[in-house]
Amino acid sequence: MDKERISYHESVQKMYERIKKDNMTNVWDRYEAQGIGGVPDRRCTFCMAGARCDLCSNGPCRSDAAKDKRGVCGITADGMAMRMMLLRNVMGASTYHYHTDQTIRTLRETAKGKTPYSIREPEKLRTFAGRLGIETLGSDSEIALYLCEFVEKDFNRPAYEPSRIVEILAPPERKKRWEELDIFPGGIYGEMMLSTSSCLTNVDGYYASLALKAMRLGIAMAYQSQIVNEYCQDILFGIPKPHTMRVDLGVLDPEYVNVLPNGHEPFLGFAMVQLARKPEWQEKAKAAGAKGLRVIASIETGQEMIQRWEEDDAFYGFTGNWISQEAVLASGSVDLFAADMNCSLPVAPLYAEKYGFKLMPVSELIAFEDITERLNYNPVEAGRQAAKLLNMAVENFKNRKNSGEPVLNLPVKEAVVGFSTESILDALGGTLDPLLDAIKSGAIKGVVGMVSCTTLRDYGQDVHSVAVVKELIKRNILVLSLGCGNGAMQVAGLCSPETREFAGDSLKAVCEALGVPPVLSYGTCTDTGRLADFLGAISAVMGVPIPDLPIAAAAPEYMEQKATIDAIFALALGLYTYVNPVPTVTGAPDLVKLLTEDCREVTGGVLNVEKDAVKAVDGIEQHIMEKRKKLGI
């Protein structure tokens with residue numbers, strides 16, 4: 001594979017050489033092997049078009065819209081493609097909400113004094129509870145318990161009973177439109193049941209109906225799962241505030257005991273950092289022959305952590321996003337890999353055996369072949385669980401050192417991380433006016449929320465995302481980066497002050513005046529809800545509906561099921577939404593037309609699909625300029 005087809009990052013390119021030398025299975029070779037006729041991106045044409053189904057025993061079926069060839073049950077190509085998309089959406093929503101459920105569980109036990117955590121942001125607790133109409137006169141613990149009770153009651157509302165959380169948090173104009181479309185949601189559990197049941201054979205085969213149900217589920221997910229999750233994590237672990245963080249694979253020093261919490265849930269990661277910062281744990285590592293003990297942030301668990309807590313010698317840095325995982329594990333510097341929900345590769349046991357690290361599932365969702373030992377997260381036991389994990393890592397240090405030579409001299413960069421609604425307001429002096437003035441004057445043409453994964457489809461890891469974002473800031477468009485795409489920006493150096501040199505003159509001047517980079521590190525994919533709430537605030541201050549603002553969403557390298565429901569929610573919110581790779585719906589012409597054209601008249605949002613980075617940004621910029629013209633700015 002060419003270097004650019006492997007990754008944008010030199011560190012990962014170098015580690016690929018090590019992996020190949022060691023004859024290890026890896027994501028790049030596996031991707032190439034899936035290609036047809038020696039072309040990595042060429043796959044089954046029916047699968048790529050979304051025109052196939054294997055849900056019942058009459059199948060598998062293939063469909064062809066041009067010939068009106070339907071499934072045995074009679075479903076059209078459009079119905080097939082949208083039904084499978086909705087099932088992906090359900091998986092994404094369910095996984096997002098599993099995280100939320102664990103966060104509420106953790107907040108409740110913390111309020112009872114049973115965890116190693118504390119309520120770090122009592123003001124945020126009271127502000128958020130107050131927004132939801134919860135009594136705020138009691139103690140922090142009492143309010144936290146009221147909050148847990150309130151949100152769980154809302155989660156459990158049936159689909160036919162409107163969600164109070166959505167009613168309170170969503171912008172009035174959006175609520176009105178959703179009610180008109182009959183997509184105002186009930187509780188998230190009821191919505192998941194409604195969507196899943198609709199996908200049964202011979203139930204709902206109408207693509208437009210299925211698309212509306214997907215939007216309804218997306219709205220429930222964003223406001224109930226994502227916003228509640230992130231705001232409650234803020235309450236527990238701190239509101240993100242800007243600070244520098246070491247990033248890239250060079251944060252792994254083989255002379256230290258290195259512990260990597262990996263996945264999407266940061267609970268045990270935070271607990272381990274609290275312990276690792278204590279002198280006695282550093283002494284334990286030194287007694288084992290190491291220079292010390294470090295917790296290294298990885299993927300979205302790591303992203304949750306680095307947004308909130310500052311670096312030091314115990315909480316040392318961040319490796320990268322999910323495609324970097326095998327590169328990290330093959331570095332010869334990992335002692336323990338704690339795998340929570342999401343983004344832990346099934347091949348990890350092979351790497352653990354080869355490179356001598358301890359692989360430990362810490363979520364009931366995660367399982368690996370031939371790995372029998374596990375430590376499922378329990379907030380009441382979190383302190384003891386974190387200590388056990390650190391002990392495992394220390395005890396494994398000598399085994400890892402004897403398992404082969406580590407890779408040295410990998411790069412380390414610095415990124416500015418930790419932007420949130422609150423910290424952006426702080427940077428602006430407590431009001432949105434400076435940002436809005438910059439937009440009105442044209443110094444900032446518009447804002448793009450880049451919520452993305454990373455994928456090998458069409459390009460190497462992060463290559464397309466970096467190209468799109470560089471082109472956006474060159475055209476004076478401010479970028480808020482989220483998800484694995486945020487990790488891409490950090491490791492690529494685009495979240496540092498030096499990035500201003502890539503920005504257009506007017507955006508560069510604004511960023512210099514505010515002391516920020518033109519790419520603001522805004523969190524994980526779960527922060528999509530936080531971003532929606534921020535856009536709602538901008539809409540309220542400007543008195544302009546969200547669909548009429550000079551803003552857009554972009555997912556240059558979406559990959560999995562969470563990403564699909566983020567995109568569907570963006571359409572429901574009324575956003576111009578750019579995605580790549582091409583979704584598996586091209587064999588569904590009516591569905592394609594609905595998403596890429598007709599949706600403008602439905603919600604105000606529209607989907608744009610484009611492989612070329614410059615053409616993609618052309619479309620985004622054209623949309624932004626049309627909105628500016630309509631607003632007279």
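Just so you know, glycine gets a Cβ as well, placed from its N, Cα and C.
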Listed co-binder of [4Fe-4S] cluster 2 (same site as CYS53, CYS56, CYS61, source Swiss-Prot) among CYS44, CYS47, CYS73: CYS73
Same-site [Ni-4Fe-5S] cluster binder from CYS199, CYS525, CYS599, given that Swiss-Prot records HIS264, CYS343, CYS453, CYS484: CYS525
Candidate nearest CYS73 ([4Fe-4S] cluster 2 binding site) in space, where candidates are the binding-site residues CYS44, HIS264, CYS343, CYS453, CYS525 and distance is Cα-Cα: CYS44
Shortest C-alpha distance to CYS61 ([4Fe-4S] cluster 2 binding site) - which of the binding-site residues CYS44, HIS264, CYS343, CYS453, CYS525: CYS44
Cβ neighbours within the same chain of HIS264 ([Ni-4Fe-5S] cluster binding site) - under 8 Å, at least six residues apart: HIS99, ILE299, GLU300, THR301, GLU304, ASP340, MET341, ASN342, CYS343, THR524, THR526
Cα separation, CYS525 ([Ni-4Fe-5S] cluster binding site) to CYS53 ([4Fe-4S] cluster 2 binding site) (Å, whole number): 29
Assigned conformation of CYS61 ([4Fe-4S] cluster 2 binding site) - DSSP reduced to three states: strand
By Cα-Cα distance, the member of binding-site residues CYS56, CYS484, CYS525 nearest CYS44 ([4Fe-4S] cluster 1 binding site): CYS56
